[in-house]
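Per TrEMBL, the feature transmembrane segment maps to C:41-64, C:84-104, C:116-134, C:162-182, C:225-248, C:260-283, C:303-325, C:345-364, C:371-397, C:417-436.
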Amino acid sequence: MAQIFHPGADTRLRLAMVALGGGLVLLFVAGDRFFGSDWFTGRGDHPAQPVPFSHQHHVAGLGIDCRYCHDQVERTATAGYPPTYTCMSCHSQIWTGAPVLAPVRASLAHDEPIRWQKVYDLPDFVYFDHAIHLKGGVGCSTCHGRVDRMPITAQAAPLTMGWCLSCHRDPAPHLRDPADLFAMDWQPGPDQRQKGEARMARLGIEPARLQNCYTCHR
Amino acid sequence: MTGRPEREIAALRAQLQGERGPRLWRSLEEIAESPAFARVLGAEFGGFALPEAGRRDVLRAMAASILLAGLPGCGKGPPDAVLPRVADPADDPPPDRPRQYATAVTFEGFARPVLATTYAGRPVKLEGNPDHPASRGATDAFTQAAVLELYDPDRSQSPTLLGKESGWDQAVQAMVTARRDWLRNGGEGVRLLVEPTTSPTFRRQIEALRQQLPQLRLHAFEPVGKERREAAARLAFGRPLALRYALEHAAVVVSLEDDLLGPGPAQVDHALGWSARRRGGHDAGAEAIRLHVAESTPTLTGAMADTRRIVPSARIPALVAVLAAALGRDGAPAAPELSADERGFVSSWASELRAHRGEALLAVGAHQPPEVQALALRVNAQLGQLGRTLLASEPVVWPGAEAAGTLQELVADMAAGRVQALVVLGANPAYTAPGDLDFTAALQKVPWRLHAGLHRDETAGFCHWHLPLAHPLESWSDARTVDGTATILQPTVRPLFGGRSVHEVVALLAGDPWARDREIVRATWRDRLDDDAWRAALRQGFVPGTAAAPVGDLAPSPAPIGLPPAGGDRGLEVVIRPDPSIWDGRFANCAWLQELPKPLTKLTWDNVLLVSPALAAERGLATGDVARITLGDRELRGPVWVQPGQAAHTVTAHLGYGRKRIGRVGQGIGYDAYAFRASTKPWLGTGAEIAATGDRHELATTQPHHRMDEYRPVRLVAPGKALEARPEEENQASLYPDWDYPEIAWAMVIDLDLCIGCNACVLACQAENNVPSVGKHEIGMGREMHWLRVDAYHDGDPLDPSFYFQPVPCMHCEKAPCEVGCPVNAAVHTPDGLNAQVYNRCVGTRTCSSYCPYKVRRFNWFEYAKPAEPIVAAHYNPEVTVRARGVMEKCTYCIQRIARARIDAALEDRPLKGSDVITACAAVCPTTAIRFGDRNDGASEVARAQKSPRHYGLLEELGVRPRTTYLARIADQGEKGEG
Amino acid sequence: MAAASPPRQRRIYRLPEGHEFRTVTEQVAAIPLHYPQRLRWWLGFIGSSLLLGLLIVSAAYLFSEGIGVWGNTIPVNWGIAISNTVWFIGIGHAGTFISALLLLTQQHWRNSLNRFAEAMTLLAATCAASYPLFHLGRPFFFYWVVPYPNTMALWPQFRSPLVWDFFAFATYITVSLIFWYIGLVPDLAAVRDRATRRLPQVLFGIFALGWRGSAVHWERWRRAYLLVAVVALPLVVSVHSGVSLLFAVGQIPGWHTTVFPPYFVLGAVFSGFAVVIMIAITLRHAFRLYDLVTRRHLELLGLWLLATGWMTAYGYLADAFMAWYSGDSFERGTLLDRLAGPFWPIYWGAVICNFVPLQALWFPRPRRSSFVLFVIAFLVTVGMWFERYMLVISGLFRDFLPSSWGGYVPTFWDWGIFFGLIGFFLFFFFLFVRFLPAVSMFEIKEAVWEEEHDT
């Protein structure tokens, strides 16, 4: 009787099997890449804001200190968004007629808050505290990146739990002197590890506790 | 989290005010969509772990079907909007930091001084005011529930005319016209029905109103109240007095049906005094307080008594008479015949009282006939207790009998058509009036009726006008604690539902619709407090030196006091008591209190008829059978509960249930005992009959089994003895290495000798930790969510058992089975010794709970945390995650407080101390039975308690090394003690 | 091989002299190719499809509403979801036992049984594995139990028996699948060669992996088969020991005992054999395979059932004895609750169904009667279900503190999932019987050959 398969069938079968096995591995790797990808973590996202506020201009250009607007950052969990009042403390004098600032003036006029879009939006079961991070020596740019180079503010870090833990498990490389906290261009020096560890010792920072779940989750 | 929710809530309020009738709720949904509201509810709560929208959900769905490598637990939802404030925030505190206001909530007119913790303008938790002499940081359960009461969406939302939505403007209009007629004849036929209050401002306003309307008559009615005690004071001393027990000075207390430690306006006061004395007794030498109780139905006082005797309520007068005869010198009526047993303990108590002149106390229940109480007061006076254990002062509550008529008189006048207009302020007589008065029928005869209250309740339904009152946490007012100290109530939030404070309503009656409560209250105190003193009073939460003036040199009126005729002793006696969880029904719509297990039965969501095991056997009744009680022509149907320790032929019925009109939570459950109540004998009915109807009623209890078996969770020691360790109690070896706690090791010690089972800790925990209530059905299945439960056991002869309480939070074991069981590291041990539960990591295998020997873990079988109405979510504590469906949760030792304290300490460059943190349960405990602190700090109370000879751990023999431990109950019934 | 086979074993197969081999092939291959019992098959298949539908509905409702739709409570966190997991995986045991252990011990009579026994194993194990997923509070996060590199930088908690069980189940199912498939290959080829229509030819052809029956093929096949058998052997013990540790690790009275692993394993084999017997008898009569699944087979199975039954009974006794001997009041309390507590019918149901009818198997006649054997096997299956229920629920409902005692009543949705999964099992078993050689042809031939040259 006639052959069911032609001679090449076996080879194809073998190839197919190899492909199947390889495919599984590939899927695994691809998945890992995907969930670390910027698209998924939102790194680089820059939601549209009611006012095209440029940190680059205000920080690099005018040299305004972070705390001029984010005035609670050293006291409380949230850095705090500036009230319209703060914007107007300058813009009642300069650019008073600029159309881009219309929403700001409207906000003051109608006592209506400006509706900024959150750039760094952590899950609600994460309890992040700005003040304690500054106290420990983690500077702004460590998580927020070179804000002074951002015409439009974007998310500079993946904000995945792994990313948080990478520092909580070994803070030393990231801890600065209080003087440098708000320096945008801070770079770790060669002796950073010693300095960092010294700081940890001085403040009693123990990774054992930092990486405990209840440090961030309650 | 920067913005001004105060203003947003105000805006929301404005929208709500615009709404009328059924549209209201729909529109609330719409508002819930509005960003402003989303912000108040969403962004404000740090905590929502309920499933987030966006990409994550899609991926979750995928995940459920196929295993995706590398899928993280949390991705990124759409960004939230943030609304910074417009004005300069310099004057405000950081919005994500709590702010505390010293104020008070009221209960039966008395102030409960509190510190209201608010987040961005939302009160979320009430702490007792530690500086206040009558609180010292403690509160009762009712006070803890006030927050939920505030956000109750069933509260009255706007004035109504004939049940239809109306507005304040129309209401004001109507008042103005009504006043015109009143003024014509000086208020002839105008009646005012109020609840007795302690508010000086209220009193001032009403007296001013009477100036305008001399003919206006005032009536006062409190369904539970203390009017019989006031009458007794008048009988005994010939003048109105405020009487108060100072248990801290008492060595011997004989209580005849006086539930000193039970719920009520004086509970905290008594608990503080009793525990101070009792705790003193723990140290060698000092003499403890001895408590002897005779009662017909078990109470918390009876449970904590050194000797408890079971007598019918109707026998109390006789016992008092005999005691009086034995102790008093003059004016005692002829002592009636006693049984041998009664004679036995009465005489021994009499001699004990005599032996402790000056620090003895004879307390008789406020529900007993005035003559009986008067007799007891006189005995105390003759023993020289006045000014020592029995403090008499000028009246604190107003109006008393001389200032106001009774409800009976009002009903008589209404029935006779002598009432042209009736204004009901706060009270709810249509529900609470004794059945035989037939209040509602009489009410219909009144041509003009107005009711003001928190809810559109039964009375509102029978009135033309109803005005919504603002909650104490929403309004300015003033009130006095039992000792008379005045507190200025300040609002912690603007009225959520557009209610007005009672003072504004009275001002409205007085023809001043524009007066605002702040000015009204300020005016009361202007001559007494200058602006600085006023601010100081607001800051510290009370006005110093306002305690009621003590009345010295009281001469007991020599007039002989005759006892009321004893009711016939045939048939059963029915005693009526306020419900321990929802009191007289005012709290019926508060889910927390409905679900609060009643101290001895652990029953929720129902009231029952308590019968003794003997009677149950005699009449073939079992718990859950629906029985019918007949007394004369009155009858009462309700489910039976067989209660050990109940007097053989006494049936106890509880008030507060069977409400027809209050809200979705509280109406239509339980039976209405008011309808059964007789105005002449409101507390006791004799000659009743009980019979099974054949029906059954499902009862939901959190603890089906109350008997201690051979294993005794609650351990006893004879006074002065040490607890001998169980043989197995040396720590067993463990496969796992021991933890070391270099810095702080948190621990909790609970003194079972001080715990009175009052449940304050349970509700404090619920309020602090966003613990949801789950409803009767879920409770019935055994799915209650309370992180902290108070186990109630009884032991010994079921006819006359001893009662024990045992609060059981998480034990935070050092060798925790839950940590071994959890496959995903959601139950983990922390460096300071806690078993942390990581909700967002939990997948819900429930292994931890299966392995937990104490079964203290709670599981979110459904989306319990999702509020019925968006506004209810406003009570959630933003510092605590709100748990999603399918997640395990449990006591965390208030980890949010620990975290906050740790961060604050670090910011202030100081090491964290154990004393920096106190858990919600420990803070609220009126007897300081719960102690929390750092075990490593030898000086801490916890460390010292752990060295006590009464110290033991629950189920120690399992080797799990619990760090919540107990101090044994001291019981001098030798045979019952283990020692 | 022949040399190693046990001496003077009684003959099992009685096939027409001369063409034994053809008869075997014809009888078996006939089933997938031109199917004999169409009507009965369709009835059974539709029935099981309905049950499968119930599973889908119940699961959908469960996932949309939450675990609350079940009867679980605190303290009974684990209801029949877990007890059924144990029950199913137990049934799954007989497959590997028969395939691997009996293969390596040269019990040739196994050759008529291993094919469908393994199919049963696969399906039962799948049901068992799916149950924990249904029972999770947040099933969409089930993969957190698996160690894999992730952006949370977290591992599972390896001390937890659940993690062990995940590995045990995964390994067990994989190995069983491979073993089953390897065994199938030669028969698939045989069916392929008998197929006349194109489609079956191609399909069977593909899965036969180009088997031509050359000596090389046979030599390699044999090596692979034995190799996997050796790998599978420890699983017979490991899987159910792992499951038993899920309980024994917890300190709950009635769980916290060292007898659990053997107790569970033996019980598992016991229940497994019971189900194998039911299937064997059904197939035997449905397809008249009287020559291939002979009375002798039934007799041997009966003996196995009796033996494992008594070993399980020993487990009961040891459990009770330890409860008494330990002197631990909680252990004793749990024992008394089982004997006379609210769940007494469960305990005594287990004891009676498992051990009383079993005793009939001491005698040869009931052993040979397929009807009696079937009834006994069925009762044992039910009895073992009772036992699992008893172990899980009556351990939990009253543990230590009287205050936290509770009860448990399964709801409709509990049962929905359970019977739905039974439907799932039957559904795929029907498909297996319909489309694959349900009995291993070549292995029977081998056995027959060896028998003849043995006598």
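In case you wondered, yes, glycine gets a Cβ from its N, Cα and C as well.
Beyond the ends of the transmembrane segment (C:84-104), by six or more residues, the same chain brings 110, 113-114, 117-122, 124-125, 127-129, 131-132, 169, 172, 175-176, 179-180, 183, 225-226, 229-230, 232-233, 235-236, 239-240, 243, 264-265, 267-273, 275-276, 381, 384-385, 388, 391-392, 418, 421 to within a C-beta distance below 8 angstroms of the stretch. Sequence-distant residue pairs (6 or more apart) of the transmembrane segment (C:116-134) and the transmembrane segment (C:260-283) include at least 3 whose Cβ atoms are under 8 Å, placing the two stretches in contact. When each of C:41-64, C:260-283, C:303-325, C:371-397 is scored by its Cβ pairs under 8 Å to the transmembrane segment (C:225-248), the top-ranked stretch turns out to be C:260-283. For the transmembrane segment (C:41-64), the most Cβ-contacting stretch among C:260-283, C:303-325, C:371-397, C:417-436 is C:417-436 (pairs under 8 Å). Same-chain residues lying 6 or more positions outside the transmembrane segment (C:303-325) and placing a CB less than 8 Å from one of its CB atoms are 253-254, 257, 259, 262-263, 266-267, 269-270, 273-274, 277, 331-332, 334-335, 351, 354-355, 358, 361-362, 367, 376-377, 380. Same-chain residues lying 6 or more positions outside the transmembrane segment (C:260-283) and placing a CB less than 8 Å from one of its CB atoms are 86-87, 89-95, 97-98, 112-113, 116-117, 120-121, 124, 236-237, 240-241, 243-245, 247-248, 289, 293, 297-298, 301-302, 304-305, 308-309, 311-312, 314-315, 318-319, 354, 370, 373-374, 376-378, 380-381, 384, 387, 429, 433, 438-439.
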